Amino acid sequence: MSHVLHFLLALVVVAVLALLVSHDRKSIRLRYIVQLLVIEILLAWFFLNSSIGLGFVQGFAGFFDHLLKYAAEGTNFVFGNMSEKGLAFFFLNVLCPIIFISALIGILQHFRILPWVIRGIGTVLSKVNGMGKLESFNAVSSLILGQSENFIAYKDILGKMSQRRMYTMAATAMSTVSMSIVGAYMTMLQPKYVVAALVLNMFSTFIVLSLINPYRVDSEEDLQLQDLHKGQSFFEMLGEYILAGFKVAMIVAAMLIGFIALITGLNALFDLIFGISFQGVLGYVFYPFAWVMGVPSHEALQVGSIMATKLVSNEFVAMMDLQKIAGQLSPHSEGILSVFLVSFANFSSIGIVAGAIKGLHEEQGNVVSRFGLKLLYGSTLVSVLSAAIAGLVLAF
């Protein structure tokens, strides 16, 4: 019963924080929020507690395990079996496979398989979230294509969108992750938490958006997904996706080097001046949120510190910190934190999303930049809600 009460408290906190910045509280439609919440709890139970759901997760993880093995063949050929010797493990075993998985996504996109999947899932999603098909398609395509390339599919209609709709489009991109790096996540977190987070975040996004940014879609925009590589041959497309995957791996590596060095320096500076590390201070700031999500009070400080690290740096830095203390946390707390970490909700994502949109439509890119902090605020609430639901289900 205490876990249920804790979950209800988390719902109240998320709702209040969302309502504080809501555009139009009178337009909120509770029916869709309740509907999405019930579906999300059932899906969380399915993927985290049911034998069929866990079997699906095992199969999904096995599939990605095979992909990582195939990727290792290419990596070992170039780097001379360095990974087998334990050298540069993170770069070779976690980041380099992104290149191969990006190539696979390109192949599925080229043969029009992904647009069909996006349209199918998006149509079903639009029936239960009370929003337009465009918003639903965007949530699915963001998950598959990533938060930057995703917007290319909508480049012809970006200029026609209202600011409200642009907020929703950008928020759904920031609240999910790209399928190309799911394999990397699965090397750092338990696969069941990664899969659960992918599904939960999609529904949590629309719950939070229904509170922060409610509106009715009077007429649908042109929903034809643009062909991202029209006129390209198969091998032109393949080369482009391979290079895109390499860029992602390099960007993640650069961000890790910079952020880890910066956080280490800040920790030393804070410890010298205040006698407590920078991450320790952040832990106290996020302690209430960790506790509200269902983390026991004696573990909430550690969990809060990692939550904050993810917000100010990125999810990879936070996942590495989680790996260091995983044995010190209860399975329940580890599950809650793992689900929280699987999203792009961090400060650097504001620039990535705004930059991607600005490259396609400068005026709309500036619009997104202006509400960047509000985007991050909403996306963080999405992660809190998903983690709280996971905490409820994992308690039983």
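Backbone N, Cα and C define each Cβ position, glycine as well.
Caution: TrEMBL annotation is automatic and unverified by curators.
Sequence annotations record features per position, and here TrEMBL assigns domain 'Concentrative nucleoside transporter N-terminal' to 10-82. As annotated by TrEMBL, domain 'Nucleoside transporter/FeoB GTPase Gate' applies to 91-191. As annotated by TrEMBL, domain 'Concentrative nucleoside transporter C-terminal' applies to 193-391. Sequence annotations record features per position, and here TrEMBL assigns transmembrane segment to 6-23, 30-48, 87-108, 167-187, 193-212, 241-266, 272-292, 336-357, 377-395.
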Check: Which residues, given as numbers and ranges, are at least 6 beyond the ends of the transmembrane segment (167-187) yet have a Cβ under 8 Å from it?
Finding: 61, 64-65, 67-68, 71, 93-95, 97-98, 101-102, 105, 131, 134-135, 138-139, 142-147, 150-151, 154, 161, 194, 197-198, 201-202, 204-205, 208-209, 213, 245, 248, 252, 315-316, 319, 342-345, 349-350, 353-354, 357, 368, 371, 374-376, 378-379, 382-383
Check: On the 0 to 100 scale, where does the mean pLDDT of the domain 'Concentrative nucleoside transporter C-terminal' (193-391) fall?
Finding: 91
Next item on the list: Kindly report the helix/strand/coil residue split of the domain 'Concentrative nucleoside transporter N-terminal' (10-82) according to DSSP, in that order.
Entry: 62 helix, 0 strand, 11 coil
Next item on the list: Could you give me the DSSP helix, strand and coil counts for the domain 'Nucleoside transporter/FeoB GTPase Gate' (91-191)?
Entry: 79 helix, 0 strand, 22 coil
